[in-house]
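Sequence annotations record features per position, and here Swiss-Prot assigns active site, schiff-base intermediate with substrate to S112 based on sequence analysis. As annotated by Swiss-Prot, active site, proton acceptor applies to H117, with the evidence given as sequence analysis. The annotation active site, proton donor is assigned in Swiss-Prot to C140. Taken from Swiss-Prot, the feature pyruvic acid (Ser) applies to S112, supported by sequence analysis.
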Amino acid sequence: MKKLKLHGFNNLTKSLSFCIYDICYAKTAEERDGYIAYIDELYNANRLTEILSETCSIIGANILNIARQDYEPQGASVTILVSEEPVDPKLIDQTEHPGPLPETVVAHLDKSHICVHTYPESHPEGGLCTFRADIEVSTCGVISPLKALNYLIHQLESDIVTIDYRVRGFTRDVNGMKHFIDHEINSIQNFMSEDMKSLYDMVDVNVYQENIFHTKMLLKEFDLKHYMFHTKPEDLTETERQEITAALWKEMREIYYGRNISAV
């Protein structure tokens, strides 16, 4: 896409929101409580603040304010307000490709924010536990928050990811013509690295005329030992392993497809 010469500030709002899910099997009530305590500490407010602060560094944003809170009995939230940085538009990379991991990308932001909320969850029946992190990066300026996507998914390793990206509003060029998007995008997947794409099965649901893009990701490889909390698969009977595998896989598919699936 040809670079636009704008009249005034770029007024487009670009919002990236995604949920990541971590699934676990905990056999006893004590193990379920232990998993919730473990994941709650792993993604506490301080660590989430570090991740979001690095995200600001990646997109070149100035941090104005940080609000963070750990909740009882579990959960945490962090919201960071960020401001614009003066930047030469010639330095902005508008091409459709994966963003960096720790490297810095210049951004031009205004009235923007980055926030995350966590939701640990378990049920006494079935032994299944889930952890969801809900993240939103919203910017107003010349760069898409998709540049932070690669880093965030690498930091928050997950079994399932659902991603939404939307461009809202319009900006005007020097001739007064309105532009409702200022960069090319065919798929959110184009902003992911090849190693990440190789790990997940992915599907897109895009509404191009509305500048709405959606991608769902489900981890390809399933190894039972990675889903057990304080229990080794070899300590279980073959029947138990099969039943737990079926329960975990059903749980993951239900979350991925967003609907309950009847037992076969």
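Start at 1 and count along the chain as shown; that gives each residue its number.
Placed from the backbone N, Cα and C atoms, the Cβ positions cover glycine too.
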Counting other CB atoms within 10 A of each CB, which of the active-site residues S112, C140 comes out lowest? C140
What residues, ordered by sequence, lie under 8 A Cβ-to-Cβ from the residue listed as 'active site, proton acceptor' and sit at least six positions away in the same chain? G75, A76, S77, A133, D134
For C140 (active site, proton donor) and S112 (active site, schiff-base intermediate with substrate), the CA-to-CA distance in whole Å is 6
